[in-house]
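Q: Can you read through this structure? Questions will come right after.
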Amino acid sequence: MPLNGDLDRQIEQLMECKPLGEADVKILCDQAKAILVEEYNVQPVKCPVTVCGDIHGQFYDLIELFRIGGNAPDTNYLFMGDYVDRGYYSVETVSLLVALKVRYRDRLTILRGNHESRQITQVYGFYDECLRKYGNANVWKYFTDLFDYLPLTALIESQVFCLHGGLSPSLDTLDNIRSLDRIQEVPHEGPMCDLLWSDPDDRCGWGISPRGAGYTFGQDIATQFNHNNGLSLISRAHQLVMEGYNWCQEKNVVTVFSAPNYCYRCGNMAAILEIGEKMEQNFLQFDPAPRQVEPDTTRKTPDYFL
């Protein structure tokens with residue numbers, strides 16, 4: 001393990017949106033793997049903690065998030081996935097979050113989103129960005145190998161269940177989730193896929209997801225899941241919400257989205273959710289950071305809402 005001084009220098013460099021060298025990324029990912037392999041599918045988290053949704057390579061908005069919410073390690077953070085793709089700075093964004101995780105392992109929890117996958121990143125920008133910035137795909141491989149180790153969900157004080165997407169018809173209890181083998185590419189279907197892809201819906205029961213992966217789940221499903229598992233709330237990300245957060249399903253579920261003006265054109269606010277020492281909840285909304293000059297990109301990423 002390198003000394004914290006080395007890591008601190010790397011974090012300082014990354015905070016200026018300057019990517020690490022390829023060799024440093026490899027070492028960083030190896031260190032992160034050693035930490036994440038010890039974490040759980042349902043990673044326990046203590047309060048106070050600030051819960052964050054999708055970032056999607058919007059580096060300067062991540063810096064704005066830290067400005068609003070407080071810097072690590074002064075503030076404990078829980079990120080619910082989707083660090084890469086879409087935005088211009090996926091490399092710098094994921095590098096910074098992983099470096100902070102290695103430096104302050106008990107202060108930062110980083111979960112897996114549906115974009116933390118080999119297949120999705122080859123289509124929606126991260127793979128191309130790695131090629132453009134490093135001249136080869138090695139850094140993409142280091143990070144996508146690391147993504148396999150990210151916890152799938154987190155549980156704040158046994159009360160607030162956090163994950164990227166949503167529930168699964170295959171998983172009635174947290175113990176079902178604990179028994180999954182997560183260290184693999186995100187499958188096309190099945191319980192692990194559902195946790196990263198599903199969405200809440202106005203209709204009751206389970207529905208076919210328009211995304212082509214995961215399911216939609218109704219208020220009846222969320223209420224029963226929370227009751228069965230002694231939960232007060234499901235906190236998830238995965239969907240653009242214009243105010244940055246959105247309560248649904250009789251406040252059994254909240255969506256938190258932390259990429260303001262998503263894709264640099266959606267006009268939405270972002271939000272983060274502060275959970276205090278007595279489990280009190282406070283949403284902080286924020287607008288985009290001042291726009292930087294956009295880098296040239298090799299090709300336009302496809303339009304879609306995943």
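The first residue you see is number 1, and the count goes up from there.
Even glycines carry a Cβ here, placed using N, Cα and C.
Keep in mind it's a predicted model, so treat the numbers as computed, not measured.
Residues or ranges marked as Mn(2+) 1 binding site by Swiss-Prot on the basis of similarity to another entry: ASP54, HIS56, ASP82. As annotated by Swiss-Prot, Mn(2+) 2 binding site applies to ASP82, ASN114, HIS164, HIS238. Among the features that Swiss-Prot reports, active site, proton donor is placed at HIS115, with the record citing similarity to another entry. Marked as leucine methyl ester by Swiss-Prot: LEU306.
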Q: Secondary structure at ASP54 (Mn(2+) 1 binding site) (DSSP, helix/strand/coil)?
A: strand
Q: Would you mind sorting out which of ASN114, HIS115, HIS164 (the recorded positions) have a C-alpha within 10 A of the one on HIS56 (Mn(2+) 1 binding site)?
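A: Of ASN114, HIS115, HIS164, within range: HIS115.
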Q: If one measures from the C-alpha of HIS238 (Mn(2+) 2 binding site) to the C-alpha of ASP54 (Mn(2+) 1 binding site), what distance in angstrom results, rounded to a whole number?
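A: Cα-Cα, rounded: 7 Å.
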Q: Between the Cα atoms of HIS164 (Mn(2+) 2 binding site) and HIS115 (active site, proton donor), what distance do you get, rounded to the nearest Å?
A: 10
Q: Taking 10 A as the limit, how many CB atoms besides its own sit near the CB of HIS115 (active site, proton donor)?
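A: Counting Cβ neighbours of HIS115 (active site, proton donor) within 10 Å gives 28.
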Q: Any same-chain residues 6+ apart from ASP54 (Mn(2+) 1 binding site) with CB under 8 Å of its CB? Would you list them in sequence order, or say none?
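A: Non-local contacts for ASP54 (Mn(2+) 1 binding site): MET80, GLY81, ASP82, GLY113, ALA237, HIS238, PHE257, SER258, ALA259, TYR262.
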Q: Setting ASP54, HIS56, ASP82 aside, what same-chain residues sit with their Cβ within 8 Å of the center of the Cβ atoms that define the Mn(2+) 1 site, listed in sequence order?
A: GLY53, ILE55, GLY57, GLY81, TYR83, VAL84, ASP85, ARG86, GLY113, HIS115, ALA237, PHE257, SER258, ALA259
Q: What three-state class does DSSP give ASN114 (Mn(2+) 2 binding site)?
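A: For ASN114 (Mn(2+) 2 binding site) - judged by DSSP and reduced to three states - the answer is coil.
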